[in-house]
Amino acid sequence: MTDETPDLRASAADTLSSLPDVSGEGGRILLAAPRGYCAGVDRAVDVVEKALDLYGAPVYVRKEIVHNKFVVESLTKRGAIFVQETDEVPEGARIVFSAHGVSPQVHEAAKARNLATIDATCPLVTKVHREAVRFAKDDYDIILVGHQGHEEVEGTYGEAPSHIQVVGTPDEVDSIEVRDPERVVWISQTTLSVDETRETVNRLRQRFPKLSDPPSDDICYATQNRQVAVKTIAPKVDVMVVVGSANSSNSVRLVEVALEAGAGGAHRVDKAEELKPEWFEGAKTVGLTSGASVPEILVREVVEWLQARGFPTVEVVRTENETITFALPRNLRAELAEKGLADARPHAPRKTGPNHTR
Ligand code: SF4
């Protein structure tokens, strides 16, 4: 692996085991676990890498495969071409759909251009799409709790536009109009704040006492686990650093959760170079986490930056062990098998390494 092709899927355990031993006097870093890649992101990045290996460059990808600048730049260097819409892709070429999912209209547009598609939509997003389709078939008014304009919300909305209304905040609940208040159901984006969503749903239930719930949580396990880890650490830290891109919903939520849970301050950065020494003046304990689309290499660089500036000790605070993995899309698996290339998935779970102190 060269600097040009960083290992986008290196595990957290790899990072920690190779940190320089600089333990000594000074402040400490509380490192959240779980953090970083979720199973859906790990799979989506793997899809693009495998497609590049199989077919060679270029491989077109609609929108950012995951919301992380570094990942997108790294895959671009390897030959991925990121486009906004299918009409930017030459007829008959191959396109990957991102982890956030796409609406049926996008599938249709790809078909019309005769594009070969590989769908890297996270299976947990697909689950929400299926709920939308089922509730629309049963003629419910569906309230989709989520951020207007987010790709995942656009994709889910597109499954049943005549039945779905998007609600972003508790206050927006007041302006909703439904056909039958007894036949209303809510579903949600997968990467929301658990607490804020609860507030929105409570407001919905006040307006529509017969409100139906989705069959299971739509906010995914990874979003929830990262928020729980941050809530555990936040009251103990002077400053929380969240590694993640500005358009990463779950990363932005982690900053909010940290502040609500008592962190003295919280900053989101894409990479270590964006850290400012003045944020850490007088601090004794720094919390560190990363969003679900962030490769571990970026966390490692932040740890090194902090270690070089008076925070030599790293303590991992683990609140959950994650073992979920998702198989690659069926058509990609079939092509890999045809070419005699092994699909290592479902591979051994990528864990964040044992709790330890350095
Ligand atoms: S954050 Fe959750 S829903 Fe989104 S890709 Fe990861 S596992 Fe899937």
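Residue numbers in this text run from 1 along the chain shown.
Placed from the backbone N, Cα and C atoms, the Cβ positions cover glycine too.
According to TrEMBL, the feature active site, proton donor maps to GLU152. Over all protein chains present, the Cβ of GLU152 (active site, proton donor) has 26 other Cβ atoms lying within 10 Å.
Taken from TrEMBL, the feature [4Fe-4S] cluster binding site covers CYS38, CYS122, CYS220. Under the three-state DSSP scheme, CYS220 ([4Fe-4S] cluster binding site) falls in the coil class.
Within the same chain, residues at least six positions away from SER293 (isopentenyl diphosphate binding site) with a Cβ under 8 Å of its Cβ are TYR37, CYS38, VAL41, VAL66, HIS67, ASN68, VAL71, ALA99, GLY244, SER245, SER248, ASN250, SER251. If you look up TrEMBL, you'll see HIS67, HIS100, HIS150, SER248, SER249, ASN250, SER293 marked as isopentenyl diphosphate binding site.
Positions annotated as (2E)-4-hydroxy-3-methylbut-2-enyl diphosphate binding site by TrEMBL: HIS67, HIS100, HIS150, THR190, SER248, SER249, ASN250, SER293. Over all protein chains present, the Cβ of SER248 (isopentenyl diphosphate binding site) has 26 other Cβ atoms lying within 10 Å.
If you look up TrEMBL, you'll see HIS67, HIS100, HIS150, SER248, SER249, ASN250, SER293 marked as dimethylallyl diphosphate binding site. Taking Cβ-Cβ distances under 8 Å and a sequence separation of 6 or more, the neighbours of HIS100 (isopentenyl diphosphate binding site) in its chain are LYS63, HIS67, THR121, CYS122, VAL125, HIS150, GLU151, GLU152, GLY155. According to DSSP, HIS100 (isopentenyl diphosphate binding site) is assigned to coil rather than to any helix or strand.
TrEMBL lists 338-358 with the feature region 'Disordered'.
Here the binding-site residues are THR190, SER249, ASN250; the one with the fewest Cβ atoms within 10 Å of its Cβ is SER249. Checking the binding-site residues HIS67, HIS100, HIS150, SER248, SER249, SER293 against ligand 1, none has a C-beta less than 6 Å from an atom of that molecule.
Residue environment of CYS122 ([4Fe-4S] cluster binding site) contains 25 other Cβ atoms, counted within 10 Å of its Cβ in all protein chains. Note: the Cα of THR190 ((2E)-4-hydroxy-3-methylbut-2-enyl diphosphate binding site) and the Cα of CYS220 ([4Fe-4S] cluster binding site) are spaced 5 Å from each other. Least crowded of the binding-site residues (HIS67, HIS150), judged by neighbouring Cβ atoms within 10 Å of its own Cβ: HIS150.
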